[in-house]
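Take a look at the structure set out below.
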Amino acid sequence: MGRLSVLPALLLLLPVLLLWQLGGARAQGSCPKPERQQNAELDESSRDLQDFPPGTKISFTCRPGYIRVPGKPLTWTCGSNSQWSQTSVFCTARKCKYPGPLENGYFDARDLTFGSKLTFRCNEGYRLIGKEEISCDIKNGGVDWSGTLPYCEIIPCEPPPKIANGEYEERGSYVYQSSVTYRCLDVPKDSDPFSLIGSDTIYCTSDAHSNGVWSGPPPECRVVKCEDPRVENGRKMSGFGLPYRYKDSVVFECNQGYFMVGAQVITCEANNIWVPPQPTCEKLTPEMCLAPKIPNGALIPAKGAYAKGEAVQIRCNAGCSFPDGSAEVTVTCQEQSSWSALQHCSCESEGSGSTPVISHGRVTEGEKPSYSVGDFITIECYPGYTLHGEARIQYIGNNQWVPAVPTCQLSESEGSGSTPVISYGRVIDGQKPSYSVGDFITFECYPGYTLNGEARIQYIGNNQWVPAVPTCQLSGYIIAIICVIVIAVVLLAAFWIYKKFFSQNGSYTVDESCKEICILKTNVPAEMEETAQMN
């Protein structure tokens, strides 16, 4: 009885199971729901569809910021294999217009598509006014930049500070790398003059935030007068003029039988004192050796006198040596105030060195027509080049420098740009053997050709230019003239052919089977035909 009561329930469930199987079979044969596309979205007619059996067509529209790829359909069709028939990209990002060159600056404009960003930089000595970065955004149904092109202004400095008892030549403005030179005011006759203390020239430079700052504090103008220095048991060798002003020097030596303790040369400095302090001359005993005079060399340690048995090292200056070729030797103070095996440094004759040639660089300090052993020079590279080696080098003789003369090599970040080739055109401004980032060149086309693109382009490194290098195309009016000439030639040829073969009043044919009789079929006027019939 229980089994019979279950039977009606099973009969009721049977249609439901059949419908579920049919629906499952349909769902299993459908295409998957389309994934979200970055550049497109389903249109309104396809947006609400939940099932995609074979044969279903769905349509897309390009998202804002994108545009349809020509020739690509905006529809997908569900195939019999439950796969969408068309899944290629049919919408591509729109492009913002090239914003134009940045004078005295640069930026990478290789990507101008929707969503891209441009970051602006100024050349050395300039600062950016405006937004440092703009992006290609959706605007007015299309795309446009989020801001205007900034500009690079030369870094200004505030007027330099004024100083007491001094002056400088004033100007209307002070900008990067400009300089100001101070001088002290003149004083009445028989008055103590002012001395310029510090560097007389300062330069407009910039800080880390591109603000204009002066290279250092201004000098001072004040009266400096040092007392007449005197050394007991010693005498002056130079510097006899009185009074002693700022930076005046005096050289001392001790009397015979005395040795010097302290510096031989002293200088009058800003606080009216001698620097270093005045030396003293001490009595030399039989158990001491006077410091030997070593031309072109130095004593280590350096003292005025040495005790008996004390050793001292003599070191020759760069480019100098002892007779055996060595540059250092040790000597000892012996009895009777004598030195053991005292030697002297010999050097190459002065003035035999010449300024080294620096490709893409120059000597900024110490340059002269000829060099003596021990002279220094400082080298720097031109913009766009990097110094490889030491900037400061010393002359050691035989036209040799230590460290070795550096070289200037093109900076990797700058690239090695070469002049682009343009057919039917040429560069009229800015051409050079190689280019650094930020350089500009200007093109023009030969007569009869029109420039397609920007005439002025900027180098951005790695032999790349923005905007793209333009092309020169034949002008429209030249093309029109050529077309007119071609048409005229064709018409003249057609007219000549017509005159030659088709413009006669009659025509004739020859029957190939008849070798002797030729019948001329002529269009005879009607009057002549009537006369012939009457005869």
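Keep in mind that glycine also has a Cβ here, set from the backbone N, Cα and C atoms.
TrEMBL annotations: computationally assigned, not manually curated.
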Key: As recorded in TrEMBL, which of C226, C281 forms the disulphide with C254   = C281
Key: Intrachain neighbours beyond the compositional bias 'Basic and acidic residues' (33-50), with Cβ under 8 angstroms and 6 or more residues off its ends   = 56, 58-63, 66, 74, 76, 84, 89-93
Remark   = Row C254 (disulfide bond), column other C-beta within 10 angstroms, all chains, value 24
Leading stretch by Cβ pairs under 8 Å, where the reference is the domain 'Sushi' (406-474) and the options are 29-93, 94-154, 155-223 = 94-154
Request  = Provide the number of Cβ atoms within 10 Å of the Cβ of C445 (disulfide bond), excluding the reference atom itself.
outcome  = 21
Message = I need the CA-to-CA distance for C472 (disulfide bond) versus C254 (disulfide bond), whole Å please.
response = 85
Message = Cα-Cα, whole number of Å: C281 (disulfide bond) versus C445 (disulfide bond)?
response = 84
